[in-house]
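**Student:** Reproduced below are the annotations present in TrEMBL:
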REGION    1-31  region 'Disordered'
COMPBIAS  11-27  compositional bias 'Basic and acidic residues'
DOMAIN    47-191  domain 'YEATS'
Amino acid sequence: MSQSQTLPLKRHQDENPRDDDSSDIKPSRLKISLPSEDSDKKILIKRVKDVGICVPIVYGTIAFFLGRKASESQSHKWTVYVRGASNEDLSAVVKRVVFQLHPSFNNPTRVVESPPFEISECGWGEFEIAITLFFHSDACEKQLDLYHHLKLYPEDESGPQNTKRPVVIESYNEVVFPEPSEAFLARVQNHPAVVVPRLPDGLNLPSPVPVEPMNDKERGDTKDHPLNHWFLNFSEADELLKLAAARQQVQAHIVKLGRQLTLMEGLPQSKQPSG
């Protein structure tokens, strides 16, 4: 990721600074608004009623002090990003992310079309970054607007800045898609970044249509990300994903048992296994 020269930014502190401790970050649920029924009819979207799928996400910044390499206009290198809460690939849901930087940056509107959804820059000022998530067409017609305050300096500024330990600020949210389309649900129901509830009995989903394939170098998970060890841990996301995985295993086992019972019922009485 390239670094562009930036004009000096006026440094300012957040009027309501947040602690770096992840325990103080309260999760919230961002419910995506359903499009109107008229728009659904126009494109013949079949939605699954009384079902909502959840995608835990994290967005934030990591800022490193440059130490001896620092200059008056470039004292820190920082990265702003959107990632799966357990570092899973979000590209099955997110099509692109737009980061709106301070207008003093060259090309302040940055569009990231493929994962990892992040950009890196150098500067010395703190400012608010607007982050807009665009979803695949079968997921939702609405975009999601988020806002994150870039923080370069630690809360305790009395001592020297540390070049090895960055300032990490992250926010955790759960993006909820109520009444998802059948096509979207079929495509993501077994994806590790998506939490799917128990589906209604007898629901027959269409064959999933994958999004554009990516090669191995373009994988969107951040498990091997160079900044991975600085990412904060959100236990809520881990629990949600574990519950979803367990639910899917139970559902698959129930389906398997049902098929076996159906086969047994079709066998002649003499060939059925005795108890």
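Note: Cβ is positioned from N, Cα and C throughout, glycine not excepted.
Nobody curates TrEMBL annotations by hand; they come from automatic prediction.
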**Student:** Residue counts in helix (H, G, I), strand (E, B) and coil for the domain 'YEATS' (47-191), per DSSP?
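**Tutor:** The breakdown for the domain 'YEATS' (47-191) reads 10 helix, 69 strand, 66 coil.
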**Student:** Would you mind giving the whole-number mean pLDDT across the domain 'YEATS' (47-191)?
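**Tutor:** Across the residues of the domain 'YEATS' (47-191) the model's pLDDT averages 92 on the 0 to 100 scale.
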